[in-house]
Each structure stands twice: as C-alpha cells, then as structure tokens.
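Student: Annotation source Swiss-Prot lists compositional bias 'Basic and acidic residues' at 541-553, 707-717. As annotated by Swiss-Prot, domain 'GIY-YIG' applies to 16-95. Residues or ranges marked as domain 'UVR' by Swiss-Prot: 208-243. According to Swiss-Prot, the region 'Disordered' annotation covers 517-555, 696-717.
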C-alpha cells in the first residue's frame, strides 16, 4: 500500500476553486472521482491522519499513488464533469448503485409497423418505449392481460406474427378478442397504432381523458340502440377501472413525482424510489451502495440524483421513443448541498422546470414515510446477505493464498476454458474475477486458430500466448524516438503534451512543467505535486502502464492476473505455464481445476492439491470455472449456429447482411427465393435490375445446397 504523503500535493499548488478530482493507482487506473466547491479544502481532507478517515476512504488513499484535478467555472459544470468521468472510468471506489434485482418493465415497440406489447427484463433498445419498472412480473402481466380487452394490440413475437400472416388465421388471442389480429388484416397499420397509442396514454397516466371518451361513446351507442357495442364499451370501462384500482391513488392532485428515501449506516446505504405518475404509483426500484467516505443523507441524495437521472436520460436518448426521464417534482428526505445546481441540471435534462423538495406534511409526507420503511426493510435484508458474502469472499481468497503458497491473496483471477464439438468451431473464453466478484466488462472470447489441431492442450496454449502477448505489447516501455519495444505499439506523441480534449486551456503539472488540456470550456487540468516519476501520465508513461494515451483509459489486456485458472487437469495447466515461460512471464500463478473430482493441479506437480469440499476457496474456483464454461459454450453455440446458417447468399458479391435479411424476409425461405424470377427479386426494396440478375444467377449456379462456411472471428474485444 502507498503512503499518501508520497503523493500529497505541494502546499499552495491546489487551487481554492470548484472542480473535479480523480485519484489513480500505480497502473494509471482511475480509482475514485469526486467534485468539490473548493478543491483545496476537499483534497486536504484526504491527507489528514489516516486513523480519522472512513474505512473505505482510508483504503482508497492508500491504494492510490497520485491525484489530479480539473478546475471548472461553475458547480453545474463540476456536476456534469463528475458524472461523465464516473461513467467513463467506472472507478472502483466510487458509489455504485446495484439493483436488488432486475426489475421487469413493460415494453412497446413503437419502431415496428405493428407495435408489440411485452414484459421484459432485458436491455433498453432504440425505438422502444418502456413503462415501469415494476416490483413483480406477475402483477404487470396480469394487468396487461386485463387491458388487452380494451386495447387489443399485438403481443406476439415476430416469428409468430409472420407464421399466422402466412397461414391466414389469427392466434387464440385474436379469436377471443384480446388481439385486433393485424397479422390477417382485421385492422390496418394506422388503426393498430391508434390502439397502441391509447394504451401508452393510459400507462402514462392520462386515464381520465380515456375514461371520459369511452363513457361518452358508450352512452352514444346506447342512444343509437347499438346495445352490443354499448355493452362491450361498458365492459371495457369496467376493465380499466379494475386496472386502476391495482394502482392506488397516493397523491390526489394527479402529481408526477419521484419519491426517494434512504436507509444507511457508516459503510453502506440503501435507496428506494417510487415513481408516481398521475397521482398513482407506476413503478418502484431499489439499490444498495457502498460508501467511500462519511456521507450524510443530503450528500447521498445529490449523488443519487446525478447518477440515476443521468443514466435515465442516456437510456431515453438511446431508446429514442419519447417521454422524459425526469418528472416535474422530485421528493427527497433532505435537500442536496448544491440544490440549485442539481435543480438546474435536472431541468436541463427534462427540458422544463423541475422542483426538488422535502415533503413536510400531508399525503406527500405520508408517502415519503412509506418509501423510507421500504428502504429500511431492503437495507436490513441486504446486510444479512452481505455479512455472509463478504466473510465468504475474504475467507476464499485467504484460503487460496495459503493452499497454493501465493505471496499475496489472488485479488484478480482469470480463467480460460475451451469449447468445441469433436474439434469443430473451437473457441475459448476468458473470464475475470476481482475481489471474488465477476468483472463482466473484462470478459473476453477467442476463436482458436492453429492451436485447435493440438486439442484442448494446444488450444489452451494458443489462448494463453495471445492473451499475454497482448499484455506485453500494451505495457512495453517505449524506445527512444517514441517506438515501443518487443512489438509494442508506437508511442502516439513525442514530448510531454497530454491532450485530454480540446479547448485551449492549459494547466501546469506541479514539479514537471508538462502541459495538459482538459475537457470542457476553459477547464484547467492539473496534476498534483507528486514525485518526478509519478506526475501526469505522458504518452510514454501511458505505454508503460497500459493506459491509452489518446483516451486515458486502460487498454483491454493491460493488467495481469494474480492467478490464472485453467479448466482442465495437469496437461492443460502445464501447457499454460509453458506458454507463460516462453513469453518470459514468471509472476503469474497457474493452476488447473479438473472436473468430477475437483482436483487442483499445479504445473509440474505429480500430485494435485485437494481442497476440502466445504471450503470457500473451492467454491470460488468452481464459480470462476463455471462462469468461463458458460461463457465459452454460449460463444461456441453462436459460432456454430452462424456457420450452419451460412448459405449460397453469403458468397454473392455486393450482398451484405442487410440485403440478405431483406431477401429472406420478403420470400420467407431460401427455397422460395430460388424459385423467384429476376423481376420478383428486383421488386424487393433496395434491389435494382443488375443486383437481381446477380442474385438469380448465383442461386441458379449454386443448385439446391450451397456449402456452409466457417467464418472465424478471431478475438472479440
């Protein structure tokens, strides 16, 4: 661990101005990002007596080897820059909001000709509008089933929709009145979209207008003696009212608001959010965070508002499906310290005025108390789980260190597994665990090349060589003149200019004199008064430390593991160790874990290490091995499926994936496409006469088969 005094900024070098600061470790990774009204006051607090610091803060400052800062003009700029850097660098010591679970949402595919309604937990997609999240999937599915009577929109997948279009008969929902059956032309695209838009209006909280409209139509139908239509509208009204009863009115004035509450102790905190739209609870979410420093409720509120609404705005922009991520009102237990800056920033995201308030009395105060009770309950459950989890992970790492005779606990573990079927479509996976927790953003996969001929042993050796050759390449020191050694990439620049972004403001690194240009409008980016070898990262230092000098971010293979786990026995472990020896790497421990008996093999050892069946170390190794196994199998299946689906179309020049998809979608199958004439092919959008003739000739020459091809992908990064 580093002594904070070795990189403490020299007296007088830290400006007394608002700004954003970032601590980095010996490899140049940013490990913490923070902002302050006064950089001098805030940074000085980190270099006080270590015994008086929060445990996580103490761990952070002793892990760091340097600190840099950026001066900004306003607190809003500091807020924006802090959020951007946290999102970019993903610092390990910053507050991380982790969902207690993946909450279900209701999705509406507005980008399709016939929009579909469905419940999902998956990633957000462009052109899809989302409602929720909801606490229980069964509840939203029950509500959706009830509302399909009123809004008979499509809920089937693209495959089911296409199949029923071809056979000319609707599915069961079409027969029982819960789908308008656009697949067989009962309604056209415009009419179906109106149904979907009414559904979206209802879920967005505009219920009164819809109910008045249906009530008016029901009375009109009754007056015109259309009793069947009036009865159907009456049933629709009843279904709507039943659905609304499931969402109790909590704020009688039709308020749109998010109600946020916290429960915390000195090490962690839980946050709960109730999303109120039109006075009704439309969604609920919960997170748990690890505190880095002694943080009160007001500071927690500020950080949560910044991260949560920043991410929601990014998702809304990505989905491009309308709606605003920020409500008119945000209710919090305590106002953030920089409430005006937060309010201004939120108003910018919304495109209209946003009020951040603390409810004092009435319904809003009662609702806040309800959310606080939920937060306390969630926090209690989290602490019960976390107590066992932290203890188990710490014990597992210590047991591994002792059993394998390692110098330090293996804080970073990598595992390699190979997957194939009888030597075909040979692929490998590499998974990463840090502090006993999967680091999925650093998972990698490999398409095995020449090593496949040597079976699992040859494949393992190839993957190890490729992974660690990249590590050596990305961390090799540069030669004179800016050229890296041992196959390293050439240095990006000569001299000592570190360009973070462009705007012409320059700040001087203490004790070095190298210039730095920071992001934003006139932001001065300054490195702390550190020793000569640990000042701002120049392009040459970046090459040595594995930091990309253009982006300032770690390269993909820049950090070696403390322990390399191979899914296999002694032969596989020996192959991995030999590959490392060839590369001159001697500081990475290698083991193999054999299936069935769960034996741990060390290279060149005649007997395995037997870990107790109930040990936390064995359980951790099994988790790592299983994660690599699952990741490899998924890639193998994907690669095999791609090869099996390859056809004559793949070899036609000028025919890309989009055009191939358009052809198959238009004709339904390759067989029907072969039977098509040139004129029929040219009728497909995007196909001219010449392209149609090329396709027709290629299919005629290819006959009825068309050999499959294996498209090797190399490393997927």
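For all residues, glycine too, the Cβ spot is worked out from N, Cα and C.
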Student: Using a Cβ cut-off of under 8 Å, list the residues of the same chain at least 6 residues beyond the domain 'UVR' (208-243) that approach it.
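Tutor: Beyond its ends, the domain 'UVR' (208-243) has Cβ neighbours at 143, 146-147, 149-150, 198, 201-202.
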Student: Report the mean pLDDT of the predicted model across the domain 'UVR' (208-243), rounded to a whole number.
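Tutor: Across the residues of the domain 'UVR' (208-243) the model's pLDDT averages 75 on the 0 to 100 scale.
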Student: Please count the residues of the domain 'UVR' (208-243) that DSSP assigns to helix (H, G, I), strand (E, B) and coil.
Tutor: 33 helix, 0 strand, 3 coil
